[in-house]
Amino acid sequence: MVGVSHGLDITSTGSATFEKASGEAVMLSCQFNLAPEDTGPLDIEWSQLASDNQKEDKVIILYSGDRAYEDYNPAMKGRVHFNSPDPKNGDASINLTSLQPSDTGTYQCKVKKAPGIRSRKMQLTVMVRPSKPACSTVGPSHLGKDVQLKCVSSEGTNPVQYTWEKTSDTKVLPATAVMDSTGSTLNVRNASNSASGTYRCTARNRVGMDDCTLNLRVVPAPNTAGIIAGAVIGVLLALILIAIILFCCYRARNRKKYEKEMSYEIKEDVPPPKSRVSTARSFTSVGSQRSSVGSMSPSNLHEYAAKSMYNALPSEEYDRPPSQAPVAPLSRTAGPNLSRMGAVPVMVPAQNRDGSIV
C-alpha cells in the first residue's frame, strides 16, 4: 500500500492473492476512508499491470465525475462491475465474472481525492480445473504378466496429480502395484486373479478435481500355438479350395475347346453332294450309247460289246434329271437275238457307287 500522508486511507485487509478456476467469479476488495482535508474530486481506477516493463498497464474500469465506466476495456466488457452502486461511499471493490486464463495477472486499485492518493495491489491466478480423465489398460490383461492402468485428463492447469484406489473386494491396491511420479500410470506387476476388480482414478489440481473408473479382469493367456496352427490350416484349406476351382475351370475350358474342334472335323469328313449336271451328262451319254446299239448293223455289234466292258451304266440310285424320261432296261431276249446275229457274250465288271470297278 502506497500513498501520501493525508487522510485518505484504504482499509481492506483481506487476502491479496487469489486462485480461481476458469468460469468462476472473484471479488477484488478495495475499501477506503476519506478525510475532511481531501476536498478534490474522487477518481477510482482499476488496472491490470503489465508483466513486462516495456508494456503499458490496462485500465479495466473507472469511476470519475460521479460516473462509472464499466465497459472501458473491450476484453472484459460485461464481466467487470463495481461491487457498490455508489463507490464514493467508500467501497471501490470490483467483481470479475466468467473468469478466463487470460485474466491471470496483478490488479491495482488506485483511489485519488486531492491531495490524498492511495493504491492496493492483488494477484489473481485463473486456473483450468482437470477435465474428466480417461481410464484405460495398456496391452492385454493376462495372468502372470505386467498390466498397466492409464489415467489422463486432456485439460487442466499444471500441476495435475493423479491418485488410484480400488473400490471393490478388499479396496486395497495389489501389493505389486507401483505408480509413476505423477500417478497417471499404475503398473501391476505379475498380475494375479486378486488384481481383478474396479479401480478409480482421481485427477486434481489446486482449483478442481474429477475422476473415472475402470473394471480390470485378469484372464489366462491364450494358447498361441493353437491359434497359429489354426491359422496355418485355414490358409492351406483356402489355397486348396482355390486350386480346385482353378482346375475345374481349366477342365471345363478344355472340354469346350475339344468339342468345338470335333464338330469342325466331322463337318470336314462329310463328302460334298454329287453335281446334278454331271449326273445328267452321264445319263445323256448312256442314252446315246443305247440309241447307237439299235442302229448298229450285225457286223459291228461285236466291237460295241467289247467297248461296253469299260463303260458301266450309272447306278439307279442317282437322281435322274427331271427333263429326261427313264430309259427302259434291256430285254432278256436280246441275248439270243444277238447270238444269232453273230455277237459274242462277254462279262461286264461290276461297279460300286462312286464308279470304281469291284
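Quick reminder: no glycine exception, Cβ is built from N, Cα and C everywhere.
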TrEMBL annotation of region 'Disordered' - which of the ranges 183-226, 315-358 it falls on: 315-358
Model confidence over the domain 'Ig-like' (23-125) (mean pLDDT, whole number): 92
Counts by DSSP class (helix H/G/I, strand E/B, coil) across the domain 'Ig-like' (23-125): 9 helix, 50 strand, 44 coil
